[in-house]
Amino acid sequence: MRPLLRGPAGNDDEESSDSTPLLPGARQTEAAPVCCSARYNLAILAFCGFFVLYALRVNLSVALVDMVDSNTTLTDNRTSKECAEHSAPIKVHHNHTGKKYKWDAETQGWILGSFFYGYIVTQIPGGYIASRVGGKLLLGLGILGTSVFTLFTPLAADLGVVTLVVLRALEGLGEGVTFPAMHAMWSSWAPPLERSKLLTISYAGAQLGTVISLPLSGIICYYMNWTYVFYLFGIVGIVWFILWMWIVSDTPETHKTISHYEKEYIVSSLKNQLSSQKVVPWGSILKSLPLWAIVVAHFSYNWSFYTLLTLLPTYMKEILRFNVQENGFLSALPYFGCWLCMILCGQAADYLRVKWNFSTISVRRIFSLVGMVGPAVFLVAAGFIGCDYSLAVAFLTISTTLGGFASSGFSINHLDIAPSYAGILLGITNTFATIPGMTGPIIAKSLTPDNTIREWQTVFCIAAAINVFGAIFFTLFAKGEVQSWALSDHHGHRN
């Protein structure tokens, strides 16, 4: 039997509605079929879009190794001798046709970090624009712009470091609008009892993009040269943009091929949750404690996420001393686990709500706790098992995999508390959550001057502590119902 959607709730206050599951006495509407539906087509295309997005984001970190003259970085070699080198280096035919640049470690840091300085700027504007004109064009142009800029990366590198830094910042500007725009679109497309499934499918593309692009970029660098890394992913992004603009619509009402039944199902499920206000209630938004609960959780989660995303290959190489081929595969493995976990958790979260009558806030709290405390435990464990290579890789993989639970927790709570302003809210939380990407790796580098296991234990413990704090704060102050300021009639509504 297909899942049922609860109908409109009464005008209970927010406190009571926060813990109320599906109402047995409420009018229920049968869910539209999943197969060949417009909403799941949107989720799949969004999945492909975020796959491309993260491939465009992380490909430079791999290509940079091949772009830099190895003689420039010999003095920066900080490989630890605490752990034995457990495998002989593998000699692979290497194509040397790509140009080399004499960039020291500091210059490379600026090149890699410049992305976030653009990324942080367009978060809130992206959410606001998407709430006004729709997310389809904004998200499409964001990925298209990033793809085009990526094609010019080899030229920018030839023109100099400053040009390349500016180009990467421009790519960040383009990518900065994408997540808020996607959230804004789902506010019109995702029925409340399918939010976890639909959003985790779409955003899981980011994890798989990381999994595929890391080793693929390395293969391209070895057997062709680094310039083709940017050409390949740039062209794929342009092809995706054409499909996106052709197939997708901003709302069910404007979709050309959606069935009448599916359109009615989506519209009726959201009719009591969306606001008709023309003015954004900025004051109420910024004073909302449930929003700040998401901000703290998002910031805390991203601290460990970005620390591992940027430094895991370094830890694998300099502490565990894996060779470059093993490093590429093992660094991607945790993100495959996270991708799989996100997909399964989206299904599980909505199943708990529909079949077991779990309230929205209960589901969000449970999945946030598992997705933040679990990774913290295994991250600390990875730092304290020394040179046990198998356990180190296993613990780091489990840590990142468990982070996938959070995708059905705080990550989509914006749509629970204010669906009409979900893009703006995500822009706000992602602005704060980008700060760890700018500062976390720098702090981690400063804490590991001698590159010892004890120093890395400190890095992992700090990340774990921040994760646990964020999980506790979210559990205490998060809400699961639409807030009164997010409704035009200012009456809270059960979600």
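We number each residue from 1, going along the chain as drawn.
From the backbone N, Cα and C atoms, a Cβ is placed for every residue, glycine too.
It should be emphasised that the depicted structure is a prediction, and the values quoted were computed from it without experimental measurement.
Mean model confidence of the topological domain 'Cytoplasmic' (1-41) amounts to 52 (pLDDT, 0 to 100 scale). Marked as topological domain 'Cytoplasmic' by Swiss-Prot on the basis of sequence analysis: 1-41 (among others).
Annotation source Swiss-Prot lists region 'Disordered' at 1-25.
According to Swiss-Prot, the transmembrane segment annotation covers 42-62 (among others).
Swiss-Prot lists 63-109 (among others) with the feature topological domain 'Lumenal'.
The transmembrane segment annotation in Swiss-Prot covers 110-130 (among others).
Taken from Swiss-Prot, the feature topological domain 'Cytoplasmic' applies to 131-136 (among others). If one looks beyond the topological domain 'Cytoplasmic' (131-136) by at least 6 residues along the same chain, the residues whose Cβ comes under 8 Å of a Cβ in the stretch are 180-185, 244-245, 248-251, 280, 420-421, 423-424.
The transmembrane segment annotation in Swiss-Prot covers 137-157 (among others), and the record cites sequence analysis as its basis. For the transmembrane segment (137-157), the residues of the chain that approach it from at least six positions outside its boundaries are 49, 52-53, 56, 59-60, 67, 99, 101, 126, 129-130, 163-164, 166-167, 170-171, 173-178, 181-182, 185, 226-227, 230-231, 233-238, 240-241, 244-245, judged by C-beta separation under 8 angstroms.
Swiss-Prot lists 159-179 (among others) with the feature transmembrane segment.
What Swiss-Prot lists as topological domain 'Cytoplasmic' is 180-200 (among others), and the listing cites sequence analysis. Long-range contacts of the topological domain 'Cytoplasmic' (180-200) within the same chain, counting only residues at least 6 positions beyond its ends with a Cβ under 8 Å from a Cβ of the stretch, are 3, 5-6, 31, 39-40, 42-43, 46, 50, 123-124, 126-127, 129-131, 134-136, 138-139, 142, 250-252, 265-266, 269-270, 273-274, 342-343, 345-347, 349-350, 353-354, 360, 363, 407-408, 411-412, 414-416, 419-420, 422-427, 430, 495.
According to Swiss-Prot, the feature transmembrane segment maps to 201-221 (among others), an assignment based on sequence analysis.
Here Swiss-Prot flags 222-227 (among others) as topological domain 'Lumenal', drawing on sequence analysis. Residues of the topological domain 'Lumenal' (222-227) grouped by DSSP class, helix first, strand second and coil last, total 3 helix, 0 strand, 3 coil.
Here the transmembrane segment (228-248) has long-range neighbours at 41-42, 45, 48-49, 52, 55-56, 59, 62-63, 136-137, 139-140, 143-144, 146-148, 150-151, 153-154, 213, 217, 220-221, meaning same-chain residues at least 6 beyond its ends whose C-beta is under 8 angstroms from one of its own. Look at Swiss-Prot and you will find 228-248 (among others) tagged as transmembrane segment.
Sorting each residue of the topological domain 'Cytoplasmic' (249-278) by its DSSP state yields 14 helix, 0 strand, 16 coil. Swiss-Prot lists 249-278 (among others) with the feature topological domain 'Cytoplasmic'.
Under the heading transmembrane segment, Swiss-Prot lists 279-299 (among others).
A Cβ distance under 8 Å defines the sequence-distant neighbours of the topological domain 'Lumenal' (300-328), meaning residues of its chain 6+ beyond its ends; these are 58, 61-62, 78-80, 82-90, 92, 112, 210, 214-215, 218, 334, 371-372, 375-376, 379, 387, 389, 392-393, 396, 399-400, 403, 406, 410, 433-434, 436-437, 440-441, 444-445, 451, 453, 456, 459, 463-464, 466-467, 469-471, 473. Residues or ranges marked as topological domain 'Lumenal' by Swiss-Prot: 300-328 (among others).
Distant neighbours of the transmembrane segment (329-349): 196-201, 203-204, 207-208, 210-212, 214-215, 308, 312-313, 316, 322, 363, 367, 371, 393, 396-405, 407-408; these residues of the same chain sit at least 6 beyond its ends, with a Cβ under 8 Å from one of its Cβ atoms. Look at Swiss-Prot and you will find 329-349 (among others) tagged as transmembrane segment, backed by sequence analysis.
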>> Should anything in the same chain at least six residues away from the transmembrane segment (201-221) have a Cβ under 8 Å from its Cβ atoms, list it; otherwise answer none.
In response: 40, 42-44, 46-55, 58-59, 62-63, 65-66, 98, 179, 182, 186, 228-229, 232-233, 309, 324-325, 328-329, 331-333, 335-336, 338-339, 342-343, 346, 404, 407, 411
> Where among 42-62, 366-386, 392-412, 424-444 do we find the most Cβ pairs under 8 Å to the transmembrane segment (279-299)?
Replying inline: 424-444
> Counting only pairs at least 6 apart in sequence, do the transmembrane segment (424-444) and the transmembrane segment (42-62) share 3+ Cβ pairs under 8 Å?
Replying inline: no
>> Before we move on, state whether the transmembrane segment (42-62) and the transmembrane segment (159-179) share at least 3 Cβ pairs under 8 Å, counting only pairs 6 or more apart in sequence.
In response: yes
> Other than its close neighbours in sequence, what residues sit by the topological domain 'Cytoplasmic' (413-423), given a CB gap under 8 Å and a spacing of at least six beyond its ends?
Replying inline: 126-128, 130-131, 135, 180-181, 183-184, 186-187, 190, 195, 199, 270, 273-275, 277, 280-281, 285, 288, 290-291, 293-294, 360-361, 364, 429, 478-483, 485-486, 495
